[in-house]
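Colleague: Feature table excerpt (Swiss-Prot):
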SIGNAL    1-20  signal peptide
CARBOHYD  N32  N-linked glycosylation site
CARBOHYD  N96  N-linked glycosylation site
CARBOHYD  N202  N-linked glycosylation site
BINDING   D305, Y308, H485  Fe cation binding site
BINDING   D305, N338, H444, H483  Zn(2+) binding site
BINDING   N338, H483, V484, H485  substrate binding site
CARBOHYD  N378  N-linked glycosylation site
CARBOHYD  N432  N-linked glycosylation site
CARBOHYD  N475  N-linked glycosylation site
CARBOHYD  N495  N-linked glycosylation site
CARBOHYD  N640  N-linked glycosylation site
Amino acid sequence: MIAAVYTLFFFFLLISSVYSKATISISPQTLNRSGDIVVIKWSGVESPSDLDWLGIYSPPDSPHDHFIGYKFLSDSPTWQSGSGSISLPLTNLRSNYTFRIFHWTQSEINPKHQDHDHNPLPGTRHLLTESNQLNFRFAVNRPEQIHLSYTDNINEMRVVFVTGDGEEREARYGEVKDKLDNIAVARGVRYEIEHMCHAPANSTVGWRDPGWTFDAVMKNLKQGIRYYYQVGSDLKGWSEIHSFVSRNEGSEETLAFMFGDMGCYTPYTTFIRGEEESLSTVKWILRDIEALGDDKPVIVSHIGDISYARGYSWIWDEFFTQIEPIASKVPYHVCIGNHEYDWPNQPWKPDWAAYVYGKDSGGECGVPYSVKFNMPGNSTEATGMVKGPQSRNLYYSYDMGSVHFVYISTETDFLKGGKQYSFLKSDLESVNRSKTPFVVVQGHRPMYTTSRKIRDAAIREKMIEHLEPLLVKNNVTVALWGHVHRYERFCAISNNTCGERWQGNPVHLVIGMAGKDSQPMWEPRANHEDVPIFPQPANSMYRGGEFGYIRLVANKERLTLSYVGNHDGEVHDVVEILASGEVISGSDDGTKDSNFGSESDFAVLWYIEGASVMVVGVIFGYFVGFLSRKKKESGVGSSNRSWIQVKNEET
């Protein structure tokens, strides 16, 4: 017995001595801001395995299996020598980082320990080495994740940002970059782990301190003027100076970028899959914003399934860091989706919706969404948690140029007799069509889609029964939806039937193609290539498999929507609607397979005053996109006859 104990002791001593030879270093040990790169180097890894991995931890005392993310050492071309390096851009999580290297082999894979995509999570049995701590300069104090939104007042702009502490902050702003004399005091709020509804959001695996969210309203703005601003305090430090163009009530022009279901990319593997295509969406929209020049107000509209954090709170930090180059320049408006709100005990869950609303929020139940954004209006609903804050940003509206924009919630009560229905009815009936001849309604789950997702059939039926009569009666121009991760444009439709071009029924578009990739290509059956799995019905004018976004441009006479693909940054589909409601292009005219002109052609519509600038931007953007693109789905976006089978979204 004693001999066996000694044998076991010396065995573990031997294993320890083998594994203890590894060393790790990081450079630099202090980063300035989110997005800065750290280089992690290691050496002395004995008998390296292609499953050896680098764990990323914040805060530094996190248990081994509570990583932020990981990278396999085999990502380094020299890993087989036992040495290598990996470069990572990091986001400021308001706490320090450490990095740990683990040895892992095929024989140690636990098939029951899986991530969201059913891939095995890495084993933590054999720790080889751990780095010193890495910190961000002014990590707690620095304001980050800056994003703008409109308020209910035409002469205001809201700015929201995050810091590590709740001490006093403000926004200072002005018309001259070095003369920011106007002050707006910021209000700080936060949420806690007990406000979350279930795991992983309320578990130690998914929870990280979200910091303080500050909200300041810049008031008394002149209309159509570029303002400069920064946020922070003299005591704690200031952000960089950003700028925006204020709303202009006298302008007839409306410019917007619109999409759903974008998410964000992470430079590491984590418990849930990141959305690599979201990088291209941000890149092309940023190109378009910069091409507009200095005097045009623009909005971004993200209609649900925002970050796809699903209970892993640091993903919200990654998301806001990714969109800050856009959202610090133009208002970033949102509506709630299933991955922000849904949980099993949500207050409104009628019998017909028993299989519609699940646990897609990962236990967040609308709390981070409600705290991190502040949209116009004052719509609220209870989360269903005794301690939880109310859900906000559910339904609201505002005017911009010639368009009245309306946002609704498909995750909370929208039936006749409810608060949201009353809001929508009153709002649509009170639109001044001489001022805003176009009305655009947006929500997450689609009223119309050729997806055969059985789980959502009941909600589509209820939306057509309760909401569609309001849209038709009040001559809504366009209805935009997400949730299905593809682009699809319908005719001017009512009760599943196309009307005449001049009748003025709403044109419905599904635009959930900004990043989420959980749905594969619609392809014909192998033994029946002439028969698509989901045939395109007569009321579906165009279906596209290319990731991308929508551009909206409108004046008093005409509204144009263009579908821009991420692969090439070019326009793949266009629909134009007159103020009378007549659809004058993009109708069912026998040209379903055609594109509606090149990017330079669209520039004439989109940037009438700056076509030459846009053409240069397109050429530059095309080559940047081509060079930076790592992968491309074969045939995607080339024709609407290359069908894509829409599978059920992950549950």
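Using the three backbone atoms N, Cα and C, a Cβ is placed for every residue, glycine included.
For each listed feature, how buried is it and what is near it?
Modeller: Close to N32 (N-linked glycosylation site) in the fold, though at least 6 residues off in sequence, lie F136, R137, each with a CB less than 8 Å from its CB.
Sequence-distant neighbours of N96 (N-linked glycosylation site) (same chain, six or more apart, CB under 8 Å from its CB) are S58, P59, P60, Q133, L134, N135, A139, listed in sequence order.
The number of other Cβ atoms within 10 Å of the Cβ belonging to N202 (N-linked glycosylation site), over all protein chains shown, comes to 20.
For H485 (Fe cation binding site), the count of additional Cβ atoms within 10 Å of its Cβ stands at 27 [all protein chains shown].
For D305 (Fe cation binding site), the count of additional Cβ atoms within 10 Å of its Cβ stands at 28 [all protein chains shown].
A 10 Å cutoff on Cβ-Cβ distances gives H483 (Zn(2+) binding site) a total of 27 other Cβ atoms nearby, all chains included. In this structure, H483 (Zn(2+) binding site) belongs to neither helix nor strand by DSSP; it is coil.
DSSP gives N378 (N-linked glycosylation site) a coil state; it is part of no helix or strand.
Reduced to three states, the DSSP call for N432 (N-linked glycosylation site) is coil. Its Cβ placed at the centre, N432 (N-linked glycosylation site) has 9 other Cβ atoms within 10 Å.
The secondary structure of N475 (N-linked glycosylation site), as reduced to three states from DSSP, is coil rather than helix or strand.
N495 (N-linked glycosylation site): 11 other CB atoms within 10 A of its CB, across all protein chains. Secondary structure at N495 (N-linked glycosylation site), as computed by DSSP, is coil.
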Colleague: Under a three-state reduction of DSSP output, how is D305 (Fe cation binding site) classified: helix, strand, or coil?
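Modeller: The three-state answer is coil.
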Colleague: Closest to N202 (N-linked glycosylation site): which of the recorded positions N338, N475, H483, V484, going by Cα position?
Modeller: N338
Colleague: Do any of Y308, N378, N432, N475, N495 (recorded positions) have a CA within 10 A of H483 (Zn(2+) binding site), and if so which?
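Modeller: Qualifying among Y308, N378, N432, N475, N495: none.
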Colleague: Would you mind checking how many other C-beta atoms are within 10 angstroms of the C-beta on N378 (N-linked glycosylation site)?
Modeller: 9
Colleague: Out of N338, N378, N432, N495, give those recorded positions positioned within 10 angstroms of V484 (substrate binding site), comparing C-alpha atoms, in sequence order.
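Modeller: If one measures from the Cα of V484 (substrate binding site), no recorded positions come within 10 Å, so the answer is none.
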Colleague: Given the recorded positions D305, N378, N432, N475, N495, state which is nearest to H444 (Zn(2+) binding site) when distance is taken between Cα atoms.
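Modeller: Nearest by Cα distance to H444 (Zn(2+) binding site): D305.
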